[in-house]
Amino acid sequence: MQETEVSARDIHISDGSEEEDSMQPDLFHEQHISNNEQMVEAFRNLLLLHGQLPAKHGDSNTLLRFLKMRDFDLEKAKDAFLSYMKWRVDSKVHMISKEFKYEEYGEVKRHYPHGFHKVDKSGRPIYIERLGMVDLNAFLKATTIERYVKYHIKEQEKTLSLRYPACSIASEKHVSSTTTILDVSGLGMSNFSKSARSLFMEIQKIDSNYYPETLHRLFVVNANSGFRMLWLALKTFLDARTLAKVQVLGPNYLGELLEAIDPSNLPTFLGGNCTCSDRGGCLFSDEGPWNDPNIEAKIQETFTMGDADSEEHTMDKVSENASTNQKENSGKNMITLKKYASLRDAVKEAQKRIEMLEMSLHETKRAMNGLAEIIETIKPNQIETTNSQMQTGLDRR
């Protein structure tokens with residue numbers, strides 16, 4: 001792997017900012033970032049005011065994710081964030097991250113092919129699942145749903161603490177979401193058994209409630225008529241924000257993938273050039289910037305990991321110091337509810353403008369593609385007509 005030089009500035013993750021999008025006008029993008037930063041600060045002050053801001057998970061990026069999750073409604077975001085913190089303590093997430101060993105990892109991967117593999121053109125990690133190749137019976141003999149859920153949580157924690165920071169350093173811009181590809185070739189209603197539903201719903205619950213706003217885009221490829229029936233059932237479990245990021249494609253999906261992913265970063269089974277033959281295959285490789293030793297060392301230097309009891313201790317400390325926090329911060333940090341509402345409205349308006357811009361760009365692209373097809377269809381007819389007219393003119397002479 002090519003060595004990457006890193007410095008202290010590289011590890012910086014912009015407070016509350018969106019991932020870079022070169023299509024957004026500069027002034028509009030700056031205003032959007034500024035609004036987000038103000039809302040994050042308002043959220044932080046609200047938590048401080050009530051003595052509920054933990055040190056370990058109160059960073060700007062985490063707070064922004066929960067704000068987006070609840071459409072920048074501060075009270076609803078606060079409830080969701082506190083539910084998340086309680087879940088971490090109750091589920092002993094810190095212990096899962098540090099101590100859980102998934103010995104059946106290799107066998108599970110064979111029956112349920114999945115994994116992270118390199119990055120898209122914007123530097124986001126790519127996550128791939130080959131759902132059409134899942135052998136659920138063999139999978140459940142190799143592991144249990146409970147153990148797989150723990151493994152999933154450990155992977156999510158690794159993504160937040162290592163993969164996103166590493167991708168941010170490598171791409172020199174803030175990365176906080178994933179591009180996902182689900183290959184559903186051969187998948188249909190018959191695959192959605194009781195066990196499959198149970199696993200899907202448990203994973204969906206965890207990801208939606210405790211790791212919100214980490215999906216950038218989801219490509220569902222090789223979708224046949226059987227899957228489209230299944231999709232009607234699955235989409236009822238997904239919120240509107242997630243559904244807006246999903247693109248269901250048939251067998252002619254490659255053009256869409258190549259717009260977002262370089263062929264060298266796409267496995268051959270999806271139409272790319274990569275095999276990772278020296279690492280057991282692409283889905284076993286976990287290939288990406290997070291494996292660069294220089295980047296990993298910089299992350300370890302910058303982010304100090306707490307001890308095993310840090311989350312419980314943090315929550316206890318927050319409760320003990322609630323009144324102190326209120327006294328120290330109420331005078332200089334408190335933002336009025338009127339300002340909260342104003343900031344929230346400004347952010348919502350900015351989001352609407354972004355969505356309208358994205359829709360306009362998408363429609364323009366579709367129109368251009370349609371025009372190109374029409375031109376290609378007309379061109380041979382025009383040539384044939386012109387030749388016929390020329391021949392008629394010669395015959396008359």
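Numbering starts at 1 and runs along the chain as displayed.
Using N, Cα and C of the backbone, Cβ positions are placed for all residues, glycine too.
Owing to the predicted nature of the structure, the values given are computational and were not obtained by experimental measurement.
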Select from 144-171, 256-283, 340-367 the stretch of residues annotated by TrEMBL as coiled coil. 340-367
The residue range that TrEMBL labels region 'Disordered', out of 1-22, 177-198, is 1-22
Averaged over the coiled coil (340-367), what pLDDT does the predicted model reach? 69
